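All remarks here apply to the structure that follows.
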Amino acid sequence: MYVVTAEEMRKLDRETIEQLGIPAVALMENAGRAIAEEIIALCRSRSGSAGSPRGDAGTAAAGTAGIGGGAGPAAPGFIVSGDAALTLGTAAGERWFILVGKGNNGGDGLVAARYLREAGIAVTLVYAVPPESLTGEAALQRDAAAAMGLPAAVYGRDRLDFAECSGILDALLGTGSAGAPRGAYAELIAAANASGRPVVSADIPSGLDADTGALHEPCIHAAVTVCLAFLKRGLVQYPGAGAAGRVVVRSIGIPASLAQSGGVEACLLTPEVLRGRLAVDVSRSRSPEGHKGTYGHVLLAAGTMQMSGAGLLSARAALRIGCGLVTWALPGKLLPAVIGAVPELMLTPVGGENGDWNAATAAEVLRLSEGRDVMAVGPGLGRFEGDAAWLRALWEGAACPLVIDADGLNILAEADYANWASRSHPVILTPHPGEMARLAGVSTAEVQSDRIGLAMAYAQKHGITLVLKGAHTVIATPGGQAYVNITGHPGMGTGGAGDVLTGIISGLLAQGLDAAQAAAFGVYLHGLAGERAARQRNHPAAVLAGDIIEAL
Ligand SMILES: NC(=O)C1=CN([C@@H]2O[C@H](COP(=O)(O)OP(=O)(O)OC[C@H]3O[C@@H](n4cnc5c(N)ncnc54)[C@H](O)[C@@H]3O)[C@@H](O)[C@H]2O)[C@@H](O)CC1
Ligand SMILES: Nc1ncnc2c1ncn2[C@@H]1O[C@H](COP(=O)(O)OP(=O)(O)O)[C@@H](O)[C@H]1O
Ligand SMILES: [K+]
């Protein structure tokens with residue numbers, strides 16, 4: 001499922017209209033109809049007439065079946081069915097205010113209003129601006145609605161009482177919105193939010209920045225957002241994702257092939273995207289002839305006395321995700337404390353019997369990396385004298401993919417690593433927002449203000465695969481693609497969960513997945529395991545990092 005910017009959406013609209021010859025008014029008709037269907041579904045679910053909409057749809061069978069009220073099954077015969085998704089059994093008490101803006105978003109709302117009226121729902125159009133100021137397709141829809149006799153009010157001119165409505169369609173501002181809502185728009189948004197009535201937003205909640213997910217003041221807080229054609233970036237990034245409610249993406253006739261050929265590079269990380277675009281074998285099939293050598297060997301350089309658990313978590317996660325072998329290179333003085341904690345793990349002390357990390361241990365780690373399939377650096381590593389030279393030696397010397405996390409990232413952030421020799425094997429960086437801020441030289445708030453945009457730019461600039469962690473983790477590739485993950489939950493904000501992810505990604509790399517595959521599939525599986533762990537523990541808050549490993 002593609003995730004687009006407002007600019008990309010405008011281009012796709014234009015191409016559909018100009019190259020395919022589909023009129024703009026047809027797209028708007030599809031959009032308005034889709035929105036109406038979702039509102040009708042909402043009304044149906046709250047009237048309790050859930051279940052199959054067909055029951056409401058005026059299905060009529062010829063003959064006696066259904067007429068005499070007989071208890072037996074209907075005889076097969078001539079079947080006619082109505083427009084189920086646009087039909088509501090009983091619309092009693094439903095009265096919707098349709099908030100109409102000046103642009104095409106308002107046009108979508110006007111189309112939806114016609115279909116709602118047809119379903120028996122009382123609608124009142126509430127124009128944010130004088131209706132005469134609408135132009136193009138939106139003006140055409142205004143006239144159609146007037147010709148149908150739909151009641152209309154103009155904000156500021158007519159009396160409006162939101163207590164009189166049972167629901168609100170927000171068709172004020174869409175992807176053409178710029179900056180914070182002004183004037184009547186702002187006042188209508190505030191009134192809608194204060195009404196306590198469910199709000200359905202057309203395309204995006206009005207007041208949301210469609211690209212970044214930032215909320216302007218004010219911004220609609222929707223129960224449902226009917227997103228048209230393609231997901232907008234602002235709907236998958238927080239806080240926007242929180243203001244959108246349940247997001248339904250509805251087709252309006254713009255072919256996905258246009259997005260593919262038109263260079264849309266971001267998509268939601270779904271099983272289909274994993275299987276298709278990323279070509280991941282999601283079944284993780286193993287050859288019947290396979291042996292531990294087949295599934296790769298991870299070398300982990302991690303751990304200090306204070307953070308010995310990080311190495312254990314990463315190592316166990318790599319093993320649990322299915323790699324053949326894991327060797328943990330750890331400071332010699334740590335060895336007695338962890339020996340036997342994970343019997344499946346091989347331990348190799350560096351820096352001497354009682355030694356600690358120092359710049360000279362890089363040569364030992366590099367020697368250990370010979371013939372290994374992946375090197376993972378950073379969990380619980382701490383900082384030490386000469387750590388930049390140490391990491392540079394690994395970066396330039398390790399002849400295998402490199403996964404860098406935690407203090408490994410803090411070392412990178414202080415080093416001028418753009419000047420390090422370029423690697424012939426890929427690098428995956430797995431920062432949380434704080435680490436990302438240090439890497440990019442910006443504030444954490446700036447990172448969070450446009451996670452997709454920042455991750456895509458950083459990964460391309462530095463030629464690395466980036467995993468920007470946190471709610472809706474973004475995976476960005478050096479080739480400019482981005483994937484937004486939606487598995488997982490806030491209970492995964494717990495010490496060590498990131499170390500587990502490092503182990504999972506490293507373990508997948510060892511099994512032969514490429515960097516984008518391992519990063520994306522790893523993040524996806526990590527989130528799924530977190531969800532499973534929350535179910536097993538009966539509450540997300542109870543999940544510990546180790547539970548995520550057990551749930552893999
Ligand atoms: N072919 C198309 O272009 C299609 C567009 N569609 C709809 O059209 C929307 C985009 O339409 P538009 O580009 O006309 O833009 P909008 O409908 O989002 O509104 C833009 C208008 O709102 C006003 N405005 C912008 N920012 C404002 C602010 N901060 N405060 C107050 N007023 C503000 C301006 O007058 C501007 O003309 C989409 O989100 C979607 O709902 C759909 O109808 C499908 C087809
Ligand atoms: N709200 C959330 N929703 C989904 N995943 C989350 C959420 N909060 C944290 N996570 C995930 O939990 C992990 C935490 O990693 P990190 O911050 O590095 O922890 P640590 O350094 O303690 O290991 C990341 O994979 C992150 O994406
Ligand atoms: K809207």
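Just so you know, the numbers here start at 1 and follow the chain as drawn.
Note: Cβ is positioned from N, Cα and C throughout, glycine not excepted.
Bear in mind that TrEMBL entries carry predicted annotations, made automatically and left uncurated.
Take the K(+) site that TrEMBL assigns to Asn105, Ser206: the candidate from Asp143, Asp170 listed for it is Asp170.
Listed by TrEMBL as binding AMP are Lys469, Gly470, Ala471, His472, Thr473; the candidate from Gly441, Gly496, Gly498 that the record includes in that site is Gly498. In this structure, Thr473 (AMP binding site) belongs to neither helix nor strand by DSSP; it is coil. Of the recorded residues, Gly470 (AMP binding site) and Gly380 ((6S)-NADPHX binding site) place their C-alpha atoms 19 Å from one another. Same-chain neighbours of the K(+) site beyond Asn105, Asp170, Ser206, judged by a C-beta within 8 angstroms of the site's C-beta center, are, in sequence order, Leu99, Gly101, Gly106, Gly109, Ala171, Leu172, Leu173, Gly174, Ser201, Ala202, Asp203, Ile204, Pro205, Ile220. Neighbours of Asn104 ((6S)-NADPHX binding site), defined as other CB atoms within 10 A of its CB across all chains, total 26. On the backbone, the CA of Ala178 ((6S)-NADPHX binding site) and the CA of His472 (AMP binding site) stand 25 Å apart.
Of the recorded residues, Asp170 (K(+) binding site) and Ala471 (AMP binding site) place their C-alpha atoms 27 Å from one another.
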